[in-house]
């Protein structure tokens, strides 16, 4: 798979994961099973690992869950509520343990114990106690900010209002759930009274906890299992298992199936034992969680962006179901991507009613992968087919297979549209791209609306009271066609307040609040502005890096303009390479490709200042040519550039703070080589990055410091040749103040 194919799949997965997170965390109505979500997330992370530039461009890798809903007060967690990495096979668990030993520098014989406990399928909750009293309860939200549900949590009998013998500050974390018996009784009562019928216990628990009226929550039979903690004024214990026992002694319910295991074989045996008991537990679980038992090792292992290194969830297998494919709908995204969605006869999969499933792209429908190789045995998907649906997480369900024996006579292969279903512009599939895209740009109403939704999203302008629903309404009414229109709403409509408050769903208070929120966002951080523009491939992380590098809008725009000629030369070279790759014989492929690229570059020679601007763009902390090309295309497109300019006229852009300068290695490029004796390579890398250094795997002119242990070899020789500062391990620790 090349980068273009990987990027197309990565973006599609990102969109699905965002929607699934929203459905699960905000609507309490997941559209996918746990198994499908995990499979999608696993593929997403695998692509990010194989193509690091994608991880930089992506936004969802660095987030957990979904933002807090607007109906509750917001709570900023003192310590983030993290998600968990996933394992799906026994081998994944063994690989997890091997990776931990490698990170910690432990031999295969050294002891490394784990705890194992059921993974409850409910709603995560953080309980804060101060001086023994419950003072706050908050949902996970997006991991950093959750919803204040304190009064509702007080109604749950498993949650103590006061505790004695606890640290002065104690945040207890766990899962709110509903037992099968209580769930069935609740639905039976609702059926009799005409109330809402819940699809599964998880939805019932989440919907019950997130009631604006705490008395409704009180009437719902919610339970709580404690399994972790957040902020502490003093440690609970030295091991995970002892800490859980300490929580139990304080009056919290902990899961009786929690075990401490010395060997991986014990973990796996306990997993399979729990799996066998699953149907008889009386509550929903979707796997088993393993955690390193020694809390000092947990501290050494630390965290990735959204998950702890010291824990993993071993998920149960996906659930499958067969149903009838009633139609194929085409959705158009903000970058013009045409995404096919299967319209299904509703079927229950894993306790969730599924009526739609992703079909990825036209190749997937045709039974081919992006290289033209057959998938599903080459079986295509047709309207009228019986298809197998699976859910492996909380994400959009997927069509896994087709039953040809039940295919109706007279069905025809699906003809993927070559024109946009929304604006009738040509839908073009570029060489090397798995996705067909509408070429209409901003004249396409679907793209315009999706871009506006992106513009007001949480990571972009985050305008209170202006969400996806309001954007659709304003666009349909002709009030907002592009981002600049948002800041002209009140001005252009004169008595805008009066016009808005007279519309359905709006009153004087909500209209005034919206205009105030819009005014508040005229001052905007540069990174949020860049991200909010919705430029293809420019994710949240890439936007921050661009903002830090260029610092002002004028500098970024000037660089994009100046680099345009070089960008076009780069694209011409790539296209020549693709043509030659298709035609070249295998035995001479490399030579011919090189010859074609060099010839293309020679015929597209550009001015030195344009080449320098291009080199500057692609050097932005590993941004790469794909993102740089998208940026160049956006600024060179007359309609988009004009829309940018109209928007900028309304804004005061806040420049990013200068990078931290309080570390002797901040901003420097460091390379580690040879054997390190006082820390593992992974620990050294993590510490250097925490101090603001960039860690590279190879020595170059850009390297500032080489840390060389015994057996440094060629890297030390090259560093000496380039005159690069070289330190031994003790010298490095002394430099960073950890000797």
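Each Cβ is built from the backbone N, Cα and C atoms, and glycine gets one as well.
Note that the coordinates shown come from a computational prediction; the quantities given were computed from them, not determined experimentally.
What Swiss-Prot says about this one:
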BINDING   34, 35, 36, 37, 38, 83, 84, 117, 140, 175, 291, 315  NAD(+) binding site
ACT_SITE  119  active site, N6-AMP-lysine intermediate
BINDING   420, 423, 438, 444  Zn(2+) binding site
DOMAIN    660-739  domain 'BRCT'
Taking the Cβ of residue 119 (active site, N6-AMP-lysine intermediate) as the centre, how many other Cβ atoms fall within a 10 Å radius? 23
What mean pLDDT score does the domain 'BRCT' (660-739) have in the model? 83
What are the non-local neighbours of residue 291 (NAD(+) binding site), defined as same-chain residues 6+ apart in sequence with CB under 8 A from its CB? 114, 115, 117, 240, 298, 310, 311
May I ask for the distance between the residue listed as 'active site, N6-AMP-lysine intermediate' and residue 420 (Zn(2+) binding site), taken between their Cα atoms and rounded to an integer number of Å? 44
Should residue 438 (Zn(2+) binding site) be counted as helix, strand, or coil on the basis of DSSP? strand
Where DSSP helix means H, G or I and strand means E or B, what are the helix, strand and coil counts for the domain 'BRCT' (660-739)? 26 helix, 15 strand, 39 coil
The correct three-state DSSP answer for residue 140 (NAD(+) binding site) is coil
For residue 291 (NAD(+) binding site), what is the secondary structure state per DSSP, taken as helix, strand or coil? strand
Please report the three-state DSSP label of residue 84 (NAD(+) binding site). coil
Sort out the sequence-distant neighbours of residue 438 (Zn(2+) binding site) for me: same chain, 6+ apart, CB within less than 8 Å of its CB, listed by position. 332, 336, 338, 420, 422, 423, 425, 426, 427, 444, 446, 447
Going along the chain, which residues six or more apart from residue 84 (NAD(+) binding site) have their CB under 8 A from its CB? 289, 307, 308, 311, 312, 313
Note the Cβ centroid of 420, 423, 438, 444, the recorded Zn(2+) site, then list each other residue of that chain whose Cβ lies within 8 Å of it, in sequence. 332, 336, 421, 422, 424, 425, 427, 439, 440, 443, 445, 446, 447
